[in-house]
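> Please read through the structure below; I'll follow up with questions.
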Amino acid sequence: MPIRTLCLSLLVLVSTAFPAQAFRLTFAQAAREQAGGTSRGIRPDLGFALAVLMVAGLAIAVSPVEGLFRLAIEPRWYLYAAAAGLIAPFFEYLIGLIALRKLVPLRLHERAGTGAVAVLAVLVAAIAEEMVFRGIFLPVLSELVPVMVAVGITSVIYGLNHLYFGWLAVVQKTLTGVGFCLLFVWSGYSVLVPIAAHAIQNLVAQLLPRRKP
């Protein structure tokens with residue numbers, strides 16, 4: 001790999017590693033406004049999704065990755081993506097049940113808003129996160145280390161982006177992140193496949209009844 005491409009790749013990795021810091025900033029601002037009895041500006045859930053989408057757009061502009069939105073090698077991968085998206089929320093519930101020996105709500109699910117704007121926010125967030133982690137981060141990292149090592153590192157970084165919700169969320173998202181990475185790799189590096197899985201996962205979680213821990 002030419003040194004300029006290597007340096008650019010490393011810059012992209014560093015720049016896209018923790019886009020979810022946008023979540024901490026947007027929700028911290030919302031908390032301050034709520035404490036002060038004011039509410040102005042964009043909703044925090046939509047603001048976060050748009051912030052991550054902006055990071056993804058900037059990364060795409062400078063990334064050496066090509067063919068980001070190529071189609072899957074076989075249409076059946078979209079069926080696999082749909083199945084993975086339907087299973088993922090319940091898989092995360094199972095992880096929580098095993099870890100805490102009781103059924104606990106998904107922290108991201110409980111923090112999400114309601115209504116049409118909330119649905120738009122979770123869809124935009126799914127697209128943006130997959131563009132960053134599976135579409136850019138994983139292929140760039142795969143140029144530097146073996147692909148399965150890149151899958152592991154990408155999944156851990158993806159999980160750590162959810163540290164704001166606690167360590168259980170990190171474990172849950174790391175494991176589902178592995179699944180999204182494998183869908184991406186096995187489908188012929190089509191980011192559309194994990195985008196579909198992630199979007200369905202978010203929609204299912206959004207439709208599940210809310211319950212307090």
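Using the three backbone atoms N, Cα and C, a Cβ is placed for every residue, glycine included.
Among the features that TrEMBL reports, domain 'CAAX prenyl protease 2/Lysostaphin resistance protein A-like' is placed at 116-204. Residues or ranges marked as signal peptide in TrEMBL: 1-22. The transmembrane segment annotation in TrEMBL covers 46-65, 77-100, 112-132, 144-165, 177-200.
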> Over the domain 'CAAX prenyl protease 2/Lysostaphin resistance protein A-like' (116-204), what is the model's mean pLDDT?
91
> Please tell me whether the transmembrane segment (177-200) and the transmembrane segment (112-132) touch - that is, whether there are at least 3 C-beta pairs under 8 Å between them, with each pair 6 or more apart in sequence.
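In this chain the transmembrane segment (177-200) contacts the transmembrane segment (112-132) - 3 or more Cβ pairs sit under 8 Å.
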> So how many of the residues in the domain 'CAAX prenyl protease 2/Lysostaphin resistance protein A-like' (116-204) end up helix, strand or coil by DSSP?
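The composition, in the requested order, is 77 helix, 0 strand, 12 coil.
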